[in-house]
């Protein structure tokens with residue numbers, strides 16, 4: 001809007017570049033129009049002239065980055081949407097690299113069920129199973145704890161160096177675990193060190209994939225998350241075959257060599273596309289914490305993680321305890337992880353059409369039902385059915401955890417939003433399996449464990465529904 005030029009003085013004209021010219025969001029240009037003293041005519045500045053002045057200003061001063069207020073985040077995403085490749089060789093290579101990272105991180109960690117059974121029977125027979133489960137629980141949780149740090153570092157532009165260092169560290173730890181013989185050594189090595197390396201390596205992977213996709217983002221996330229299922233399917237079979245033939249040390253060394261192949265490929269293909277944005281607020285995005293849909297979704301993720309990993313952790317042990325062949329039981333983790341891969345990919349594909357939370361709600365309900373039913377499966381066919389249904393349905397949450405977070409604000413601040421939620425979820429992943437083990441030790445049965453884990457997932461589903469309600473103002477609609 002301009003002042004009346006007939007007043008005979010200089011008048012400021014504020015041109016909203018975003019609304020008027022479709023220019024770069026966050027930049028507005030201000031000019032002063034000085035009318036001729038003898039003229040009573042209105043000063044007119046054409047849009048073309050303003051456009052030229054704006055471009056000249058860009059050349060002289062460069063592009064200005066601003067810390068966006070909450071009310072402009074949606075506009076930022078609209079502005080950036082036109083630039084997302086949503087496909088092409090480079091974009092799909094990034095997805096392939098992200099998938100390789102999840103094979104070597106979450107896929108590796110998802111193999112814990114095999115190690116839990118082997119340590120209980122052979123390497124650490126004098127240590128209670130509930131105490132051994134802390135190793136796997138720490139692994140799970142430390143996959144998420146570094147999210148806050150890595151999310152902030154990623155937003156600031158630090159990606160390749162942390163990825164390379166974490167990649168080297170996880171390989172080193174794997175080879176060192178081969179030499180472990182005492183409980184405290186496994187706890188520090190396979191629990192803390194390996195989990196921490198996995199978390200730092202996988203933390204920014206989702207965010208970097210988000211740089212390349214917008215309309216097909218959920219599908220890309222689902223493919224990346226499927227790497228966890230690939231690793232969770234392949235590694236248990238490899239470990240269960242090699243342990244009786246080569247022993248524990250050489251099994252871990254061969255496992256490390258397999259990990260090296262995936263890690264090298266990931267480091268060669270993962271690339272960020274957008275420049276870093278130094279948004280204000282440090283590691284925390286306090287504006288996001290004041291948004292009801294974000295807080296409800298974070299609460300839903302926390303509650304879900306309290307019970308989501310329970311069946312995967314104890315499926316093998318439960319099968320053996322009811323008389324199922326130990327050889328057959330070793331394949332249950334692989335069956336669940338294989339079914340989870342299909343769930344991750346399919347949920348990602350459909351969520352691009354109906355919204356990720358609309359997919360998570362029914363899949364979570366199915367996961368809760370499978371978890372309730374798990375302790376009552378006492379035959380090989382029934383256990384296979386439970387493993388397949390549980391793996392397929394739980395794969396949606398594992399694959400789409402970050403998708404709603406990516407859609408709750410600007411892509412430039414995606415790392416912090418995902419990091420905050422994942423760090424809080426790490427505490428739930430840390431406490432969930434040991435708490436389930438304590439319930440089993442208290443009652444001597446996995447049925448109360450199934451009730452606890454199923455109720456956690458069911459409550460999480462309710463929180464997802466209210467998160468959608470907070471975002472849309474209604475219970476229906478795409479979100």
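Note that Cβ sites are derived from N, Cα and C of the backbone, with glycine treated the same way.
What TrEMBL says about this one:
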TRANSMEM  91-109  transmembrane segment
DOMAIN    91-471  domain 'Major facilitator superfamily (MFS) profile'
TRANSMEM  129-149  transmembrane segment
TRANSMEM  161-179  transmembrane segment
TRANSMEM  191-213  transmembrane segment
TRANSMEM  220-238  transmembrane segment
TRANSMEM  250-270  transmembrane segment
TRANSMEM  294-316  transmembrane segment
TRANSMEM  328-347  transmembrane segment
TRANSMEM  359-377  transmembrane segment
TRANSMEM  383-406  transmembrane segment
TRANSMEM  418-437  transmembrane segment
TRANSMEM  449-466  transmembrane segment
Listed stretch, out of 220-238, 250-270, 294-316, 328-347, 449-466, that has the most CB pairs under 8 angstroms to the transmembrane segment (359-377): 449-466
CB contact flag for the transmembrane segment (91-109) and the transmembrane segment (449-466), at least three pairs under 8 A: no
Stretch among 129-149, 161-179, 383-406, 418-437, 449-466 sharing the most Cβ pairs under 8 Å with the transmembrane segment (220-238): 383-406
Interface check, the transmembrane segment (294-316) with the transmembrane segment (383-406), three or more C-beta pairs under 8 A: yes
Range from 161-179, 191-213, 328-347, 383-406 with the greatest count of C-beta pairs under 8 A to the transmembrane segment (250-270): 161-179
Surrounding residues of the transmembrane segment (161-179) on its own chain - C-beta under 8 Å, 6+ positions past either end: 104-105, 108, 150, 153, 186, 189-190, 193-194, 197-198, 200-201, 204, 248-253, 255-256, 259-260, 263, 266-267, 270
Whole-number mean of pLDDT values that fall within the domain 'Major facilitator superfamily (MFS) profile' (91-471): 86
Distant-in-sequence neighbours of the transmembrane segment (449-466), which means Cβ under 8 A and at least six residues beyond its ends: 296-297, 299-301, 303-304, 306-308, 310-311, 314, 357, 360-361, 364-365, 367-369, 371-376, 432, 435-436, 439-440, 475
Range from 129-149, 328-347, 418-437 with the greatest count of C-beta pairs under 8 A to the transmembrane segment (383-406): 328-347
